[in-house]
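J.: Below: one structure in structure tokens.
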Amino acid sequence: IIVTQTMKGLDIQKVAGTWHSLAMAASDISLLDAQSAPLRVYVEELKPTPEGNLEILLQKWENGECAQKKIIAEKTKIPAVFKIDALNENKVLVLDTDYKKYLLFCMENSAEPEQSLACQCLVRTPEVDNEALEKFDKALKALPMHIRLAFNPTQLEGQCHV
């Protein structure tokens, strides 16, 4: 699975702040289908570090409750691509963002045999943004996605979107 479309000229400092996971999609149904599925994570905040890395604060359902997690995504030579060692994934790719309203990103595991890909549409405010969702769906067209979830504003406000 190769994600080719990444954001050109990403300014990582501008993605700082609060975000909400409005929609998610994955290459394999089992990555997202259950509340506690491996890549069913809910982004809360992105914090660029002075070194150009990215701290991702998120929530994930574990052992019957909503747990807080922090992932450090290390910068690479490509501004929109980061290395991670978490959630069984090894890369975070920023596909597109306007910094003010939406951000589209994917998490990828390029290692055989369990190649996987999960992408999310993040929004700044807990509202449904149809324009952002359209961009998300357009970006997904080129990718082998088999499950897609979207959340309503009430879910966006809740812990782990419950």
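Any Cβ shown, glycine's included, is placed from N, Cα and C.
Sequence annotations record features per position, and here Swiss-Prot assigns disulfide bond to C66-C160, C106-C119, C106-C121.
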J.: Measuring Cα to Cα, tell me the gap between C121 (disulfide bond) and C106 (disulfide bond) in whole angstrom.
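T.: About 9 Å separate the Cα atoms of these two residues.
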J.: With every protein chain in view, how many other Cβ atoms are within 10 Å of the Cβ of C119 (disulfide bond)?
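T.: The answer is 24 other Cβ atoms.
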J.: CB neighbours of C106 (disulfide bond) within 10 A?
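T.: A count of 24.
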J.: So what sits near C160 (disulfide bond) in its own chain, CB-to-CB under 8 Å and at least six residues off in sequence?
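T.: Correct list: Q35, Y42, Q59, K60, W61, C66.
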J.: Run through the Cβ atoms and count how many others sit within 10 Å of the one on C66 (disulfide bond).
T.: 15
J.: Within 10 Å of the Cβ of C121 (disulfide bond), how many other Cβ atoms can you find? Include all protein chains, please.
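T.: There are 29 such Cβ atoms around C121 (disulfide bond).
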